[in-house]
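Novice: Dumping the structure here so I can ask a few things about it.
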Amino acid sequence: LSVLCDAEVALIVFSAKGKLYEYATNSSMETILERYERYSFAERELVADPDSEGGWCLEYGKLKARVDALQKSHKHIMGEDLDSLSIKELQHLEQQLDVALKHIRSRKNQVMLDTISELQRKEKSLFEQNKALQKTVLEKENAMVRQAQWEQDSQSQASRPSFMLSPPLPTLHIGSNYHHTRSTETEKEGDGPHTGSSSGMPSWML
């Protein structure tokens, strides 16, 4: 019927024991059911009063069918109740999972790349701050060393008297030099008269 009439066919069969068998062509069962509900109840929705009891019952049936279809699709995605699916439905479900997995992996990679970029930016900022702090500390240490050296030089110059800065004057020993000269002359003269005193001073000074 699907090939001859070029139509979408959905077949639902319940066995005597209550087991469900279903078949859908060209698309999933949920899509065909939603399309059927949309077109079969379109005319009734235009005629029926939304406030009437029949309108609410119709809306309830429509919402319940949609919820059931979504729950069934969710179970299939989670890998549950797959016994009733055909080869085509399993292939379609596999394609959906592949597409969803690609989107998830793409999003995960994008999040990881954004996180790595943010961490690299923070690392660069911290490195620059550390470099600036090291430079500041080094400048302060150099300034403290220069200040200490200047204070030490100032204290050493202030504690030293001014006369210590000039070289010492030569010392003149009059008595010893004269005594030494007279002794030498006496030894050269031999037996000349000795007029000096025991203190080594000349007679004219006595």
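Every residue, even glycine, has its Cβ placed from backbone N, Cα and C.
Just so you know, TrEMBL annotations never went through curation; they're auto-generated.
Per TrEMBL, the features are:
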| type | residues | note |
| --- | --- | --- |
| COILED | 90-136 | coiled coil |
| COMPBIAS | 149-160 | compositional bias 'Polar residues' |
| COMPBIAS | 182-192 | compositional bias 'Basic and acidic residues' |
| COMPBIAS | 195-206 | compositional bias 'Polar residues' |
| DOMAIN | 1-27 | domain 'MADS-box' |
| DOMAIN | 53-144 | domain 'K-box' |
| REGION | 146-206 | region 'Disordered' |
Novice: Should anything in the same chain at least six residues away from the compositional bias 'Polar residues' (149-160) have a Cβ under 8 Å from its Cβ atoms, list it; otherwise answer none.
Specialist: none
Novice: Mean pLDDT across the coiled coil (90-136), rounded to an integer, is what?
Specialist: 92
Novice: What is the number of residues in the domain 'MADS-box' (1-27) that are helix, strand and coil, as DSSP sees it?
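Specialist: Its residues divide into 4 helix, 10 strand, 13 coil.
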